[in-house]
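Structure first, commentary second.
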């Protein structure tokens, strides 16, 4: 039964941690939603911005107001309501508040949305640990997993364990520029509501140990959660749907955090393989074969290492599964730059160095970590496509050898 939030004393304050093109896009859409649901959320949405000086281009409509001198990016965003560096040309709601202080941005927020490059995660979490509400809840928009030879850890779970909170995951066939321009697409949010946050029909918390929560392996998590106070509106699938859903951004809510997280991470390996295939001159039917094989290996990986909680239908039915796979293998940068590498006869690492302006292709690091993890377990023979991508990146396997993977 839906619990009316009108009788609750407090509202949820929302903070987006990160302000690249995807982070700013998410801040835009949730700020639109907080205005539409004032009974649940505070209107202003904090957006943490890594401060830098920016010079407005002369052809910008904001040039006359700002001038030629470099200005703080946060000042430009709050004055012009546009992230002129990372999302130029997109008008932001005036209730997006750019904040250069990460600790101030997260202060008092019960909803934290994590949206920044994977490589900065440890440093950013270190800065906010101890400065957030103990009952804050998170959504990670960071696609990836943390892999060592000993363990595979979901990014959302790593965030939760580091900060002592619960964190779900958002992933799907999403391209930031298209969503910012309000071109329709869909996404998947995985959120397994902590028991202590559930409400009965009269709005009260159910009896039981509200601090316990199961992890991605179906075990009681080491992290003891602080339940959401009763004077807040609930934070369940309905509330997160209202926060993220827009007429141009269709949201599907699930509880399968493993499926959403693994789909978002491992498809990057498949996207690199599709780039290799297309760069070599093979056609769409060859790419389709690689995508099919890649999805089989993603499902096999989930079955083998997360058998307790994986729901395979997530990968078949949700945007975070096949939808994200198709977009990543036909339009996203792991595919684009691996294709470019083969066409130019250079390594993907060389393309990364010369074309990405200091940014990294997530598929490269994911491929290396996953292949090392599989070797440590003697399981590499079960994942021929994953291993072939790693071999091609190392120069030990040729792109021409990919069809041999399909011979039984």
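Each Cβ is built from the backbone N, Cα and C atoms, and glycine gets one as well.
For residue 267 (active site, proton acceptor), the same-chain residues 6+ apart in sequence whose C-beta sits under 8 angstroms from its C-beta are 294, 298, 324, 325, 328, 329. Annotated active site, proton acceptor per TrEMBL: 267, in sequence order.
Sequence-distant neighbours of residue 362 (NAD(+) binding site) (same chain, 6+ residues apart, CB-CB distance under 8 A): 118, 143, 144, 265, 268, 334. Annotation source TrEMBL lists NAD(+) binding site at 18, 19, 20, 21, 22, 23, 120, 176, 333, 360, 362.
Residues or ranges marked as domain 'Glycerol-3-phosphate dehydrogenase NAD-dependent N-terminal' by TrEMBL: 13-193.
Residues or ranges marked as region 'Disordered' in TrEMBL: 196-228.
The Cβ neighbour count for residue 333 (NAD(+) binding site), using a 10 Å radius and every protein chain shown, is 19. In terms of local Cβ density within 10 Å, 22 ranks first among the binding-site residues 22, 120. In sequence order, 86, 115, 116, 117 constitute the residues six or more apart from residue 20 (NAD(+) binding site) in its chain with CB-CB distances below 8 Å. The maximum pairwise C-alpha distance among 18, 19, 20, 21, 22, 23, 120, 176, 333, 360, 362, the residues recorded as binding NAD(+), is 20 Å. Packing around residue 18 (NAD(+) binding site) is summarised by its Cβ count: 24 other Cβ atoms lie within 10 angstroms of its Cβ, all protein chains included.
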